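Reviewing the structure listed below.
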Amino acid sequence: MKKYFLPTLTAAVLTACAPTAKTPTTTPTATTTAPAAQPAAPDWQEQAETFLKEYSTEYQRLYAQSSEAEWRSNTHIVAGDTANSGATARANERMAAFTGSAANIQRLRELLEHKQDLTELQVKQLQTALYNAANSPQTIAEVVKRRIKAETQQTEKLYGFDYKYQGKSVTTNDLDELLRKEKNPAKRQQIWEASKAIGPTLKEGLLNLRDLRNQTVQALGYPDYFSYQASDYGMSREEMMTLVRKINEELRPLYRELHTYARYELAKKYNVKQVPDYLPASWLPNRWGQDWSAMVDVKGLNLDPVLAKKGAEWQVKQAERFYQSLGFPALPASFYEKSSLYPLPKGATYKKNNHASAWHMDLNQDVRSLMSVEGNTEWYETTHHELGHIYYYLTYANSEVPVLLRQGANRGYHEAMGSLMGLAATQKPFLAGLGLVDPKSQTDQTQTLLKEALNYAVFIPFASGVMSEWENSFYADKLPADQLNARWWALAKQYQGIVPPTTRGEQYLDPATKTHINDDPAQYYDYALSYVILFQLHDHIAKKILKQDPHATNYYGSKEVGQFLADIMRPGASKDWRTVLKEKTGEDLSARAMVEYFEPLMAYLKQQNKGRKYTM
Ligand code: X8Z
Ligand code: ZN
């Protein structure tokens, strides 16, 4: 599931269009001296305004219909049922027929030829509409139709899959919990393998989708689907890859220490005498090795028992209270009525999407989240993450922001907001203020920072390395079908220093076990960028607004922090993302703040790793 939009759509719409300030046009207009018979030159701003108003109204209507159908398809998955998938495919086809229509494409191009006569806001909207058109050009309507169908089917397979461990059906929540807790390495391997069993079932569908996705965007001149997604940032594929590789390199020295540390600590934990050069994937407390924070328990700061006691619903309410304390409004009642926040009851006759997402159903006030919240640290953070999307939606759904620009400054910002709140909600002064931990208890700051690094720093080689490199190869380099798994594990070794517990041939498809590979394609670098942005924002908030140590903040109740975040959210995509960052933090996009945050940990890790063999 596209983390916060719909899989087949990428942008938002325009409602009752905000009055646009007209800039003087260079087109000469009729003057009193002009001969009366000569037709007046067209007023391009007026033409664009008329077009955008109509376009946006229809776009928003179709978007809402598509969202409703997708919501149903992601929350009620019944094996063999075709009613939902049929309805979803039809709604998405209607959307595609409109956004990709030849008439709309022609008109958009025509208007954009007069860019210099239009307002900046109009140009942005027209460009967004043309970007959306490239995802569904009706010049190749049959290909688009097949892609829509293939996407719907892939979603059903992905979330309808019945995971089995020791002969019993289990949920992904169960598998995650087992991977966090199980101490027996042989059992761990079984659990890990159980979590990868879905891969082969998705292979044919994914290969088909690759071709259909590439063909779709090629019709409007994009070389491949990866380039198409990168262009949403105003960047080429090569520029995006250069950026993510740079981020990865900047975090590499820290990762190298964490990797060495983890190999030795886990070998000790699992009673393995010979420390392996590379980490067996089944040793790590996460299905893809993207978050190792469960490896460390900080005495006095372990949230799991208290969260288990408070329960899932409390977590959602608490996250809302946190946003409200900053000055954000209460969530609309419909959020609670219409969302799907918790795991399905045992024995339910249907399944639901098991990955968290947030939905802007109508690009207005109908906001919902799809989660399977349980009382634990991982869901506590994820709840804050999803509400970040929800408050972003609500904040830019205002009359100043045209419907087509109701998106994040870029996709990475959208991911950053809630993750930032998730980080803030786990720092000790915040937790103490909330009464979740004893403020008087002595807690180890180094262990706290280590636990955070095992979450945020460990994520970078996965997101900017393995995922981005694999999808780049897959879409742009047309990675051959008999090298998909080999490439995945070569990247995991190179970037994460992780190897599979046993050889994983091409009969498996381990990348496809990551939901994004199927339904949020060629965009995973969003998350790497979001962590970089998150630390930039956090650094600014801590030092400049709260005047607190970034390692020990308490945002709770700070209207100034709320103002700062809402100011970034309010314009949506109507402001350039680079300008926003520079204006708000005084910096360009950079891993500086993230590296600086973890700097105090380096000395400790080097000390711990003294005499140990480094393999990366
Ligand atoms: O997919 C997500 C969000 C989607 S709204 C829950 N995340 C990435 C992942 O789970 O792989 C958040 C951080 C990384
Ligand atoms: Zn997200």
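Yeah, the Cβs are placed from backbone N, Cα and C, and that goes for glycine too.
Zn(2+) 1 binds H385, H389 as TrEMBL records it, and from the list E337, E400, E415 the residue named for this site is E415.
Looking at 21-41, 42-62, 63-83, 357-377, the stretch flagged in TrEMBL as region 'Disordered' turns out to be 21-41. Annotation for the binding-site residues Y233, E415: lowest Cβ count within 10 Å of the residue's own Cβ, Y233. H389 (Zn(2+) 1 binding site) has a Cβ environment of 24 other Cβ atoms inside 10 Å. Comparing CA positions across the binding-site residues H385, H389, E415, the one lying closest to Y233 (chloride binding site) turns out to be E415. DSSP assigns H385 (Zn(2+) 1 binding site) to a helix in the three-state reduction. In sequence order, A356, E415, G418, S419, M421, G422 constitute the residues six or more apart from H385 (Zn(2+) 1 binding site) in its chain with CB-CB distances below 8 Å.
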